[in-house]
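Engineer: Feature table excerpt (TrEMBL):
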REGION    36-56  region 'Disordered'
ACT_SITE  TYR192  active site, proton donor
BINDING   ARG245, ASN532, ASN576  (S)-malate binding site
ACT_SITE  LYS263  active site, proton acceptor
BINDING   GLU335, ASP336, ASP359  divalent metal cation binding site
DOMAIN    360-645  domain 'Malic enzyme NAD-binding'
Amino acid sequence: MISLNGSSLLSNTGISTSFSQSRRNVPSSPSIVMVAQSNNNPNRKEKKIGAVSSNGSTTSAAVNEIKEIDCKSTIASGGVQDFYGEDQATEDQLVTPWTTSVASGYSLLRDPHHNKGLAFSEKERDAHYLRGLLPPTVVSQDIQVKKMMHNMRQYKVPLQRYMAMMDLQNMNERLFYKVLINNVEELLPVVYTPTVGEACQKYGSIFRRPQGLYISLKEKGKILEVLKNWPEKNIQVIVVTDGERILGLGDLGCQGMGIPVGKLALYTALGGIRPSASLPVTIDVGTNNEALLKDDFYIGLRQKRATGQEYSELLDEFMSAVKQVYGEKVLIQFEDFANHNAFELLAKYRKTHLVFNDDIQGTASVVLAGIVSALKLVGGTLAEHTFLFLGAGEAGTGIAELIALEMSKQTKAPIEETRKKIWLVDSKGLIVKSRKESLQHFKEPWAHDHEPIRNLLDAVKSIKPTVLIGSSGVGQTFTKEVVEAMSSFNEVIAVSQLYLHLHLHLHLYLFDEADIGAYNDMQKPVILALSNPTSQSECTAEQAYSWSNGRAIFASGSPFDPVEFNDRVFVSGQANNAYIFPGFGLGLIMSGAIRVHDDMLLAASEALAAEVSQENYDNGLIYPPFSDIRKISAQIAAKVAAKAYELGLATRLPQPLNLVQYAESCMYSPDYRSYR
């Protein structure tokens with residue numbers, strides 16, 4: 001018998017404390033040693049305090065040690081001996097949360113890592129004391145998946161579906177991932193964007209069971225001990241947030257935990273990382289959200305956000321403790337930190353830790369892949385296009401920098417030159433040199449020579465971009481006038497190029513109708529409305545297609561339904577980070593990489609773009625379907641791992657001969673295991 005500790009206590013709520021019932025769950029041992037543990041002792045030292053024989057009798061030593069419990073006292077309803085003294089204790093007296101250490105019987109059905117529900121076989125039901133605890137029927141995992149999806153589709157409110165999936169994850173882990181993997185396109189918007197945004201906003205109200213570690217200012221000086229409270233010891237990926245900039249919803253404080261939980265669910269479902277190897281973490285330094293501070297259901301610290309030295313010291317302690325507990329090769333993914341912290345943390349720790357910021361780097365990689373794909377539809381090279389961003393925060397500047405890097409790689413031009421093809425608009429207008437003194441440091445590389453422009457529409461008319469990218473977090477900013485302007489001058493550009501082409505070809509008597517078709521493609525503006533959730537999207541798919549008269553190549557951060565316009569059905573792509581980060585993380589882990597290099601991000605983009613088929617292009621898509629995401633993740637992982645080996649950053653030697661096959665072999669399978 002072992003006293004419950006940490007997550008074990010949380011996962012065994014409702015388990016009977018009667019030893020005479022639970023002793024049957026360990027038939028192979030003639031006796032069971034009872035031990036006491038102190039939750040306050042980081043060394044987890046155990047003290048042997050007595051023994052119980054296989055027939056349930058106790059030694060006198062055991063009785064004397066357990067604070068002189070009167071073993072004759074009984075539970076009123078059944079006459080079971082009260083070994084732990086819980087039933088005779090008053091509410092203000094301390095008792096020890098005892099439980100069995102073997103997952104059998106009632107406890108097995110409440111262990112999400114091993115529970116199979118009605119899929120337990122007849123043999124397993126006999127071996128693990130499940131007779132009578134389950135209905136007599138035995139069903140397959142496939143039937144369970146079918147039943148879960150049937151029930152899920154009865155819910156009309158997305159948040160209800162989210163809560164049903166979270167309940168399933170807490171009840172039956174393998175079934176949760178089986179359902180998610182088999183129905184990824186339908187359930188991705190449920191477990192992640194856009195529904196996870198609403199879940200975070202209401203996290204205090206829907207909070208049922210903690211997932212992940214909450215590290216607040218109260219734990220300052222004790223973070224190493226807190227990490228040791230987590231039951232899993234072989235952690236490979238940590239997703240951490242401080243909740244200050246959750247999607248486009250702002251400061252949600254401690255309730256931002258929904259983001260790390262959701263990201264890590266996708267790491268497993270899409271990238272094959274074992275659930276036991278992942279750890280969601282929320283750093284709670286308070287919140288500046290007045291509504292949350294006044295909310296009775298808010299689950300975090302009720303104080304304004306800590307900043308400056310206090311904040312830095314807490315993050316330093318966390319990063320140091322993670323390395324001490326989990327080693328050099330644990331991947332730490334920063335998620336939804338505000339701009340002023342995100343860039344600083346990435347720059348600070350990228351030389352000492354294996355760190356990755358999905359908002360800066362993951363978004364950049366997936367958007368670059370979409371742009372590379374879009375070039376197949378609109379023609380030209382990256383360097384021949386002009387890019388205009390609305391939004392100059394983490395996502396905008398991260399995407400811009402990766403595009404400039406890829407341009408530099410392709411043209412051999414200095415990155416300072418390739419940046420000049422990229423323009424950014426922030427809340428104060430076009431970023432130009434005359435504003436340089438007042439700019440934040442991460443915006444300075446994008447301050448080009450140009451007269452000041454205050455709004456997006458005027459910037460579009462002046463810059464005449466061929467690619468418009470929204471990363472502002474503000475909805476409906478790509479107005480009808482903006483989209484129409486994008487369409488009009490892209491048509492003019494295309495026609496002028498067509499005349500030049502016609503002149504050359506007519507002179508050589510080589511012109512045919514195929515040339516017109518090729519140059520009609522040049523009339524297509526690329527419009528990427530990336531902000532999440534759906535309510536914050538810069539424009540909808542319907543608006544992009546109708547305002548551009550069906551010419552736009554459109555993708556968004558959140559999913560949109562197909563659009564019918566002018567007797568055509570347009571299916572828009574989703575520039576979802578979930579295309580990149582699961583495979584990217586798998587590539588880092590399977591190669592044993594110790595640092596993240598920008599070339600790895602370029603490799604991931606190239607791998608994703610290569611997965612777009614001609615059929616996808618014919619439908620106007622610039623991203624492949626999510627139904628193939630595990631195969632896509634394996635390809636991305638292989639390219640990232642290959643780059644890690646090439647750069648000398650990999651530690652798992654020798655390098656596998658076939659990295660794609662190796663990636664697939666490393667992936668977690670949610671299929672049930674058979675128990676002895």
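A Cβ is built for glycine as well, from the same backbone N, Cα and C atoms used for every other residue.
Any TrEMBL annotation is an automated prediction that lacks curation.
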Engineer: Compile a sequence-ordered list of residues in the same chain as ARG245 ((S)-malate binding site), six or more apart from it, whose Cβ lies below 8 A from its Cβ; state 'none' when nothing qualifies.
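Structural biologist: Long-range Cβ contacts: ASP251, ASP336, PHE337, ALA338, ASN339, ALA342.
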Engineer: Restricting attention to the domain 'Malic enzyme NAD-binding' (360-645), give the mean pLDDT.
Structural biologist: 89
Engineer: Given the recorded positions LYS263, GLU335, ASP359, tell me which ones have a C-alpha lying within 10 Å of the C-alpha of the residue listed as 'active site, proton donor'.
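Structural biologist: Those near the residue listed as 'active site, proton donor' - Cα within 10 Å - are LYS263, in sequence order.
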Engineer: How many Å separate the Cα atoms of GLU335 (divalent metal cation binding site) and ASN576 ((S)-malate binding site)?
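Structural biologist: Cα-Cα, rounded: 14 Å.
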Engineer: Rounding to the nearest whole angstrom, report the longest C-alpha distance spanning ARG245, ASN532, ASN576, listed for (S)-malate.
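Structural biologist: So the maximum pairwise Cα distance among the (S)-malate binders is 18 Å.
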Engineer: Report, in whole Å, the straight Cα-to-Cα distance of the residue listed as 'active site, proton acceptor' from ASN576 ((S)-malate binding site).
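Structural biologist: Each residue's Cα considered, ASN576 ((S)-malate binding site) and the residue listed as 'active site, proton acceptor' end up 12 Å apart.
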Engineer: Would you kindly give the Cα-Cα distance separating ASP359 (divalent metal cation binding site) and LYS263 (active site, proton acceptor), rounded to the nearest Å?
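Structural biologist: One finds 12 Å between the Cα atoms of these residues.
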Engineer: To the nearest Å, how far is the Cα of ASP359 (divalent metal cation binding site) from the Cα of ASN532 ((S)-malate binding site)?
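Structural biologist: About 11 Å separate the Cα atoms of these two residues.
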Engineer: Beyond GLU335, ASP336, ASP359, what residues of that chain have CB atoms within 8 A of the centre of the divalent metal cation site's CB atoms?
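Structural biologist: The answer, listed by sequence position, is THR241, ARG245, ILE246, ILE259, PHE334, PHE337, ALA342, ASN357, ASP358, GLU394.
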